[in-house]
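What follows is a single structure, written as structure tokens, with notes after it.
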Amino acid sequence: MEKNIHIYIFWGFLFLFFFNTDLFQKNFVLTAVQYLFKTISWMDEKMLAFLICIVAVHQVHSACVLADFCPQNATVQAEIVDVHNAFRRAVQPSASDMLIMSYSDEVAASAQAWVDQCILAHGAPSTRLLNGYHLGENLFYSSSLKSWTDVIGAWHSEVERYNYPIGSTNGKSIGHYTQVIWNSSYKVGCGATLCPDNIYYYGCHYYRAGNFRRWVPYTAGPPCESCPNNCVDKLCNNPCPYIDHYINCPILKNTTGCSNELVKAWCPASCTCTTEIIPIG
């Protein structure tokens with residue numbers, strides 16, 4: 001008798017899962033089905049295999065629920081990259097060391113994992129790491145569906161209160177803008193989801209992180225002056241894969257030299273990258 005009751009519950013949950021269009025109720029149903037999967041031992045092999053397929057299909061397709069606006073879509077990825085690079089290319093004054101940005105699935109996984117929690121605030125930097133390096137973060141939420149061009153444009157709109165190289169002209173936030181155009185942030189990955197109360201939540205993470213205090217987002221000068229042999233339409237394509245651990249590494253390199261083991265360990269970017277664009281931080 002107990003087995004029959006559980007079977008009815010099982011099929012009832014699956015019916016609700018397939019025919020319910022509300023995202024959050026579907027997630028509740030999935031949780032219940034997963035609970036049955038973990039705790040009930042009576043399922044026969046066919047039913048168990050069917051349940052595994054249902055859960056797997058849902059998990060593959062639940063990363064983003066915004067259809068044509070999902071960053072898993074190659075067209076959306078191209079839009080995200082193109083809009084970022086257009087803004088980076090057009091900074092005023094022009095940048096001599098602005099790296100071209102490309103899309104990263106690894107970075108995108110980090111962004112999607114954050115927005116999926118529906119926490120409408122930035123997480124601690126320590127929660128955003130890739131290959132031991134911090135990721136930058138821009139977030140946006142709205143009561144209506146927005147295109148990625150609109151989302152990135154909203155971040156970029158802070159340029160209206162930004163004065164290079166001083167910073168904010170009125171004390172208000174400019175961090176979204178400066179992250180979009182931070183010269184050494186050369187990989188971007190984004191995520192999106194629908195949160196409770198019909199809040200559309202978007203986020204992008206950036207490798208490497210930008211927005212370091214007391215640093216300008218790029219070096220002013222003629223486009224590609226810092227990368228004359230590695231220039232693509234006013235943007236550099238020669239990022240240094242390393243990062244210095246101290247801000248005085250260029251001085252240490254010149255005064256002590258990279259033959260010194262400590263300098264070599266502390267300053268891998270300065271000691272290794274002679275023509276590449278070296279990130280800050």
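Note that Cβ sites are derived from N, Cα and C of the backbone, with glycine treated the same way.
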Checking TrEMBL: of Cys240, Cys249, Cys258, the cysteine bonded to Cys267 via disulfide is Cys249
The residue that TrEMBL pairs with Cys271 in a disulfide, chosen from Cys240, Cys258, is Cys258
Long-range Cβ list for Cys249 (disulfide bond), cut-off under 8 Å, min separation 6+ in sequence, same chain only, gives Val263, Trp266, Cys267, Ala269, Ser270, Cys271
Across Cys267, Cys271, listed as disulfide-bonded residues, the smallest other-CB tally within 10 A is for Cys271
